[in-house]
């Protein structure tokens with residue numbers, strides 16, 4: 001039977017025998033192909049009917065191929081630098097904006113200082129323009145080959161492969177186990193930079209050997225690489241793991257409570273402001289605040305399914321021969337509140353929200369400042385409603401998301417994830433629920449991308465991604481429909497005809513984790529919070545000791561009006577105090593001396609401007625208005 005291959009936007013190819021992709025390409029610029037939805041190498045063989053799309057350097061998948069090849073060049077360079085017999089290879093995939101490779105260096109290690117030497121070796125490999133070859137062989141032969149090369153990690157990977165045929169890629173004397181695809185030659189990749197080296201357990205398991213992971217970035221054009229490196233430098237300056245402790249917002253004591261941040265008075269002020277802002281809006285939108293236990297019995301977690309599916313991420317304690325778990329999620333607690341009294345169709349929708357502290361075990365190797373922790377607070381809410389109410393409820397949540405994100409100056413985007421292959425519930429209910437999500441987003445004019453078959457097994461969902469001030473995106477809010485929990489817990493409401501019906505449950509969080517959201521805000525604002533969020537909103541700087549009394553008088557007026565204010569009474573120069581206040585990102589610095597005391601005024605400075613002498617009354621009015629309206633702008637500049 002002839003093989004028929006439809007070429008996207010370019011007719012059809014018919015062959016009487018299996019054919020390699022490179023035999024049917026019609027341009028020298030093609031680097032890979034997509035066959036029946038799968039990214040493949042040009043040297044791959046087609047032996048069945050299907051549709052092929054060619055990937056050139058302008059295709060959206062080109063960076064993945066480019067970066068994957070760069071990871072092999074990195075591995076080859078490391079073997080050249082440290083000696084082939086001293087290097088054991090782990091894995092080396094392409095990742096977003098870059099690539100990495102894991103190594104075990106026998107009798108040595110890779111240091112940050114070594115990266116420049118490795119880069120130079122990579123450039124030599126690129127200059128040689130070595131052809132990249134694809135090799136097919138049996139799994140047994142590949143195991144023998146890698147055993148002979150003393151590559152135990154590759155042997156382990158090979159033994160896990162189900163197919164009897166595997167692929168390897170060769171460039172010069174370097175050979176690696178890999179599915180591909182790769183660029184046709186090493187000379188086709190040029191613009192790269194090695195970024196860092198860190199530890200990484202083999203397969204991410206702490207029981208396995210610790211390898212060394214070298215990270216790099218690569219782009220098709222030099223300008224893109226430069227822009228990305230500039231972004232990384234700006235992100236480094238904004239890193240919340242440095243700014244947070246420097247601004248006395250939080251710290252983490254890894255000897256006492258790894259992954260569990262400790263918030264100072266400054267950090268606590270910010271978190272309380274975030275919660276109060278959210279609380280006010282939730283009440284406005286018809287939510288009722290609840291508080292549920294931190295520790296609940298094994299029985300509850302078995303019923304919810306967490307015991308079966310989430311046990312490895314939970315913390316436990318046993319008392320009086322009964323096992324308890326510290327809650328990793330708030331939903332079972334909210335279900336208890338719902339079940340506490342009978343619910344009629346007239347009562348629906350019911351909306352509960354809670355600033356619930358949860359604990360989830362994370363491996364120490366993945367902990368990352370406030371972004372990946374073991375203890376955090378969720379702005380968690382659950383809505384119980386009828387299926388015909390879903391659209392309106394989702395629209396209400398989207399509006400609430402908009403109100404909250406706009407307050408911080410965030411743009412955002414949305415994704416709709418639909419029914420996966422493995423799902424519970426009938427398809428008709430899924431379709432109705434998914435359509436309700438679509439209509440809700442469209443009714444409020446929210447643009448979205450559809451992620452086919454990426455919903456949870458218990459319901460479709462909407463994810464929101466915020467974009468920060470330097471263009472990075474962060475997944476924060478989630479709206480999740482759930483058909484499973486109401487069924488597991490036997491949730492019901494009395495319908496109009498007096499019969500019991502099962503409600504739909506909507507899980508949603510907007511900040512997501514308050515701690516993570518705070519980390520995002522620190523980096524978004526580079527620590528310079530808008531006045532309403534700033535831990536210290538005003539600092540008063542007396543020029544000399546004789547001005548302390550007037551400084552206290554000014555402070556008293558601000559405190560009475562709800563402003564967070566301090567006096568810098570240190571025996572330092574005014575210039576030093578101003579520089580220190582600016583380094584601590586305090587929004588307003590009010591300098592007071594003889595002239596100000598005589599005229600009931602203050603000399604006003606902000607983080608970037610000097611407004612000179614202004615009446616205390618005017619300054620107080622501007623600052624209190626700025627705080628009350630939660631303005632992102634400095635109102636003194638208006």
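Just so you know, glycine gets a Cβ as well, placed from its N, Cα and C.
What Swiss-Prot says about this protein:
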type: BINDING; residues: 331, 382, 507; note: Zn(2+) binding site
type: DOMAIN; residues: 1-56; note: domain 'TGS'
type: REGION; residues: 239-530; note: region 'Catalytic'
Using an 8 Å cut-off from the Cβ centroid of 331, 382, 507, can you name the remaining same-chain residues around the Zn(2+) site, in sequence order?
-> 329, 330, 334, 335, 380, 381, 480, 482, 485, 505, 506, 508
Could you tell me which three-state DSSP class residue 507 (Zn(2+) binding site) falls into?
-> strand
Neighbour-count leader, CB within 10 A, binding-site residues: 382, 507 = 382
Please spell out the DSSP helix, strand and coil residue counts for the domain 'TGS' (1-56).
-> 3 helix, 29 strand, 24 coil
For the region 'Catalytic' (239-530), the averaged pLDDT of the predicted model is 93
